[in-house]
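Q: Before I ask anything, here is the structure I am working with.
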Amino acid sequence: MANGVIPPPGGASPLPQVRVPLEEPPLSPDVEEEDDDLGKTLAVSRFGDLISKPPAWDPEKPSRSYSERDFEFHRHTSHHTHHPLSARLPPPHKLRRLPPTSGRHTRRKRKKEKTSVPPSEGTPPIQEEGGAGVDEEEEEEEEEEGESEAEPVEPPPSGSPPKAKFSIGSDEDDSPGLPGRAAVTKPLPSVGPRTDKSPQHSGSFPSPRARASRLAGEKSRPWSPSASYDLRERLCPGSALGNPGGPEQQVPTDEAEAQMLGSADLDDMKSHRLEDNPGVRRHLVKKPSRTQGGRGSPSGLAPILRRKKKKKKLDRRPHEVFVELNELMLDRSQEPHWRETARWIKFEEDVEEETERWGKPHVASLSFRSLLELRRTIAHGAALLDLEQTTLPGIAHLVVETMIVSDQIRPEDRASVLRTLLLKHSHPNDDKDSGFFPRNPSSSSMNSVLGNHHPTPSHGPDGAVPTMADDLGEPAPLWPHDPDAKEKPLHMPGGDSHRGKSLKLLEKIPEDAEATVVLVGCVPFLEQPAAAFVRLNEAVLLESVLEVPVPVRFLFVMLGPSHTSTDYHELGRSIATLMSDKLFHEAAYQADDRQDLLSAISEFLDGSIVIPPSEVEGRDLLRSVAAFQRELLRKRREREQTKVEMTTRGGYTAPGKELSLELGGSEATPEDDPLLRTGSIFGGLVRDVRRRYPYYPSDLRDALHSQCVAAVLFIYFAALSPAITFGGLLGEKTEGLMGVSELIVSTAVLGVLFSLLGAQPLLVVGFSGPLLVFEEAFFKFCRAQDLEYLTGRVWVGLWLVVFVLALVAAEGSFLVRYISPFTQEIFAFLISLIFIYETFYKLYKVFTEHPLLPFYPPEGALEGSLEAGLEPNGSALPPTEGPRGPRNQPNTALLSLILMLGTFFIAFFLRKFRNSRFLGGKARRIIGDFGIPISILVMVLVDYSITDTYTQKLTVPTGLSVTSPDKRSWFIPPLGSARPFPPWMMVAAAVPALLVLILIFMETQITALIVSQKARRLLKGSGFHLDLLLIGSLGGLCGLFGLPWLTAATVRSVTHVNALTVMRTAIAPGDKPQIQEVREQRVTGVLIASLVGLSIVMGAVLRRIPLAVLFGIFLYMGVTSLSGIQLSQRLLLILMPAKHHPEQPYVTKVKTWRMHLFTCIQLGCIALLWVVKSTAASLAFPFLLLLTVPLRHCLLPRLFQDRELQALDSEDAEPNFDEDGQDEYNELHMPV
């Protein structure tokens, strides 16, 4: 049998057998006196006196009635089959009594002094695990003495009657035992389950006198060697109870004692003696070193040691959190069930009652009273930490038993509370996922749930918590007024329950997250609130409980009557918000007892904000709350940092603090700063090569992804549009010496070479506004000095290579750290003003050449002029193929104005649409990113549809040819083409080379600095020295071939990095997006540059683009560049009252007049640069721009304090990847 006892014929239950004691040799008087005292104290007669008076019957409390079904269940239940007490007796070699010695006599006296209950006060308790106060070492010494000084037992005289002794819990004698199992005789009458207060128990047992005579008769049987035994010998290790076929079975006591106790007491004894309930605080009892499993031989300890080795180490490492609040509600059929009403990943999301959909994530606002009630609830409720259960019924069973032990609920409410905890769970997404056919989860009655799912106790996998269907009788009604409660569906963990899970929500939950389930509700059968906080030993997947399959680690249960003042909903929100707080849930993982949880609540209250109970009208009144909260969080982090430093001081790390160190407690290893000087010539360049080139194979492998293909198509249009725009304007500025063809070829060649050799291949090289301004200034200078413009650029390029080599050799890239936003804003604001001015100046020239006249030339004259210089649809021929375009054309000015404004407004509207709330985030982002190509395409179609109005078109040659073949070729002679180039200019070209180096250095290095921000999570590093050397050296080659100089384009480079950025999907709703990785590779840059170069074959298409459309793009770039500059925002504050100023650091931390003074200084620098740019000395404007750097670091600290400069000139811009956030123009202080 499973119980290890051979049943007699007929299937009767075994009856314990008792042997007749043998006659013992006379002992000393002291020993006999002690034996007599203990015999009187623990005699059977005292038990008879205790049970002779039955407890009074209370007629008000209902008693349970038992039927034949109850008795049959009791007879055939395995855990009610009791073993004979003789089976717990020690082996035969322990039957010998030791003679008294002086040492033993002294130890007996010492043990008698430790006895807490005198014999006259009552019956001593039966110890759970070893006798209280018994010293382990003394017992081992007694064993050794007993084996060395044992005397043979003499048989009693034949004529003397046997002396019956029956003492329980003897502290003196070693317990005798039997060499084998007791023989089975007749079955013991079974006792049905009953409660302590049932009046039926009085007739179930014989009288004390009859019981005593029966026991005496049993003890007089000849096969009993001794009647003196010790209850301590019945102790066995808890791990030995898990073996179904082992000698140690789950039997709480023997039949004799079972007849004295009720079924409730037997169940309690069984739970107390045989189960190990984690989280339940018990009195510490010193365990004796002797156990029955290891008494006979060392092999008995092997199973115990094996199980100890298999015990897993507690996982105290905090995980990410997912909290779900379930409230007890009634459905449409008035059936109770658990309904999900809120959830937390980081912020709170509530279910809207009317629409049954999730609301927007928000910061949870809690009432101060609910937090105090929660603290009081945890202080007085049940706290089960490190509970070793893996099923919901097992957890619920131990929670209910703990509530009963802590006097939170009555024993008769056990069934109702357990049924309530096991009710089915429903979620808002259940009906949505199932469509027209709602999902019907598997349900079962209480009997099937408890019969099929036995929670596993901590002492062994095979030992199950005793569950018995009839222990609860017929299923008690969950609600007292509901007679059909037994048919209500309960939670069935094993069913198919996750059909309605939300995959989108599951993506937002981190992979290693562990869930917290909060169950709160009102029940009518409780008289007072009952609560329990449970932390499982390890996270387990409780199916059908959560909306998504996330393992559960914490549970909080709160049930109570409705007539109390407790708001269960707010209390559930409070504990859920606490568990979603980072510091509190870390403390919950590391808590050792209840006090740690209470301390964590106090820490949470220290960082909380209390808002007065007044009506708040408008968000402006709550502006101070956010700032105050940031201050509290800062102080909280400082306290945590101080604690971490104290725990790590001296090399000691407190237990449970390893994660805090990983999260920022310990300093990270210093990173390889690419701008750090080595002190050697070309030292920075060598470090860049060693840092970046080892990643070259991965730069090719990482491009094998579909995201790279999408990035290539997007950045191609983003790079082609500026190339066409700046190429057309450059042709206007240089009179056709350089145009679209040269700029496209330069972008393609330099882009491919830089992508293959550069240290940061994510940079996009291209033409920019500052270089356009410089080219125009240098062209005017050469015309004024009667010099060849292209030949002068050759010498400027050669000097540029020399200066770049000298700068890289001296590791001068570190100077970029001194270029603050003060200089960047001046630079960007100046270029934006130039763009806007040039746009309207070009439009003014169109109105001058084609004025609005009341009378135009005759039709024939107009046709003759059109035939002389126009292609069909009014496309202007290249300068070599005919005269300049016609003048005084009707409607040309108006159409040019419409095309320019139409292009600007379409591109600007699509940019605003990108940050709007229409459509999805990805769709808006795609439309917004392609705003410029879309606007160009739309307005080209508009111009193409109007055939009778002339507009000036973009000049693009046919095939791979220069813009003006009659003026130049692809190679520029360094000594001059038409006439010799003056030698003095060969040397003087060093000055413009130095100026163009300033522009290239500032744009390239600032762009590389922006791309290399830590927030962008680039892992392969960058190389400022190598990138500058490549761009400068390639600039020298551009001069020889008559190609425009290029630099790292800020907006296009940042857009390229953003297109290759992979965002984390496991982001809590309402939280800002986080970068998972960036696909750093070289292939996309090569493909983008190649596609731009191949665009030269689209000459027929490019010749259809009107110049007015390019003016609109020029205007768009100028206006959008101003939106991200703090200078433009502070400029508007001059015209705004102080009460309407925004809550920005440069407003709140600086006085208004001093803020305006800083703005005026910047405007003065811009005005000076504009004046220089407008005069003949326009070539020197990069040098004046460079002078703003020493102005910021030398003069401004004398006018402003450090804290003011920190607020006015701080680089606090971070990359924004929110779908509803700002674009690249708002993040950057650099010109387009």
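Just so you know, glycine gets a Cβ as well, placed from its N, Cα and C.
On a predicted model such as this, the values are computed, not experimentally measured, just so you know.
Pulled these from Swiss-Prot:
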type	residues	note
COMPBIAS	1-11	compositional bias 'Pro residues'
REGION	1-316	region 'Disordered'
COMPBIAS	58-75	compositional bias 'Basic and acidic residues'
COMPBIAS	76-97	compositional bias 'Basic residues'
COMPBIAS	104-113	compositional bias 'Basic residues'
COMPBIAS	134-152	compositional bias 'Acidic residues'
MOD_RES	Ser167	phosphoserine
MOD_RES	Ser170	phosphoserine
MOD_RES	Ser175	phosphoserine
MOD_RES	Ser198	phosphoserine
COMPBIAS	267-279	compositional bias 'Basic and acidic residues'
COMPBIAS	280-289	compositional bias 'Basic residues'
MOD_RES	Arg295	omega-N-methylarginine
COMPBIAS	305-316	compositional bias 'Basic residues'
REGION	429-499	region 'Disordered'
COMPBIAS	440-450	compositional bias 'Polar residues'
COMPBIAS	481-499	compositional bias 'Basic and acidic residues'
REGION	709-1232	region 'Membrane (anion exchange)'
TRANSMEM	709-731	transmembrane segment
TRANSMEM	737-774	transmembrane segment
TRANSMEM	794-816	transmembrane segment
TRANSMEM	826-847	transmembrane segment
TRANSMEM	893-910	transmembrane segment
TRANSMEM	926-946	transmembrane segment
TRANSMEM	980-1002	transmembrane segment
TRANSMEM	1028-1049	transmembrane segment
TRANSMEM	1083-1128	transmembrane segment
TRANSMEM	1155-1191	transmembrane segment
LIPID	Cys1165	S-palmitoyl cysteine
Q: Please average pLDDT over the region 'Membrane (anion exchange)' (709-1232) for the predicted structure.
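A: For the region 'Membrane (anion exchange)' (709-1232), the model's average pLDDT rounds to 84.
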Q: Should anything in the same chain at least six residues away from the transmembrane segment (1028-1049) have a Cβ under 8 Å from its Cβ atoms, list it; otherwise answer none.
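A: Residues 685, 719, 722, 730, 737-738, 742-743, 745-747, 749-750, 753-754, 757-758, 763-768, 771, 775, 790, 793-798, 800-801, 803-805, 807-808, 813, 962, 968-972, 974, 996-997, 999-1001, 1003-1005, 1007-1008, 1232 contact the transmembrane segment (1028-1049) from elsewhere in the chain.
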Q: Tell me whether the transmembrane segment (926-946) sits in contact with the transmembrane segment (737-774), defined here as at least 3 Cβ pairs under 8 Å among residues 6 or more apart in sequence.
A: no
Q: Does the residue listed as 'S-palmitoyl cysteine' have same-chain partners at least 6 apart in sequence with Cβ under 8 Å from its own Cβ, and which are they?
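A: Correct list: Ile826, Thr1188, Leu1191.
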Q: By a Cβ-Cβ criterion of under 8 Å, what residues six or more beyond either terminus of the transmembrane segment (1155-1191) are in contact with it?
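A: Contacts of the transmembrane segment (1155-1191) (Cβ under 8 Å, skipping residues fewer than 6 from its ends): 770, 773-774, 776-778, 780-781, 784, 818-820, 822-823, 825-827, 829-830, 833-834, 992, 994-996, 998-999, 1002, 1127, 1130-1131, 1133-1134, 1146-1147, 1199-1200, 1204, 1208.
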Q: Take the transmembrane segment (893-910) and find every residue of the same chain, 6 or more past its ends, with a Cβ under 8 Å from one of its Cβ atoms.
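A: Cβ under 8 Å, 6 or more out: 839, 843, 846-847, 850-852, 927-928, 930-932, 934-936, 938-939, 942-943, 946, 949, 951-952, 1106-1109, 1111-1113, 1115-1116, 1119-1120.
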Q: Under 8 angstroms, Cβ to Cβ: which one of 737-774, 826-847, 980-1002 has the largest number of such pairs with the transmembrane segment (1083-1128)?
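A: Ranking 737-774, 826-847, 980-1002 by Cβ pairs under 8 Å to the transmembrane segment (1083-1128) puts 737-774 first.
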Q: Residue list, the transmembrane segment (737-774) vs rest of chain: Cβ under 8 Å, 6 or more residues beyond ends.
A: 688-689, 691-692, 699, 715, 719, 722-724, 726-731, 789-790, 827, 831, 834-835, 954-957, 960-964, 967-968, 995-996, 999, 1003-1004, 1007-1008, 1011-1012, 1018, 1021-1024, 1026-1027, 1030-1031, 1034, 1038, 1042-1050, 1052-1053, 1055-1057, 1060, 1078, 1080-1082, 1084-1086, 1088-1090, 1092-1096, 1102, 1117, 1173, 1178-1179, 1181-1182, 1231-1232
Q: Using a Cβ-Cβ cut-off of under 8 Å, list the residues of the same chain that are 6+ residues beyond the ends of the transmembrane segment (709-731) and lie near it.
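A: Residues packing against the transmembrane segment (709-731) from afar: 738-744, 747, 751, 764, 766-769, 772, 775, 838, 929-930, 932-933, 936, 954-955, 963, 1044, 1049, 1052, 1055-1056, 1059-1060, 1084, 1087-1089, 1091-1092, 1095, 1102, 1105, 1107, 1110, 1113-1114, 1117, 1232.
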Q: According to DSSP, does Cys1165 (S-palmitoyl cysteine) fall in a helix, a strand, or coil?
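A: In the DSSP reduction, Cys1165 (S-palmitoyl cysteine) maps to helix.
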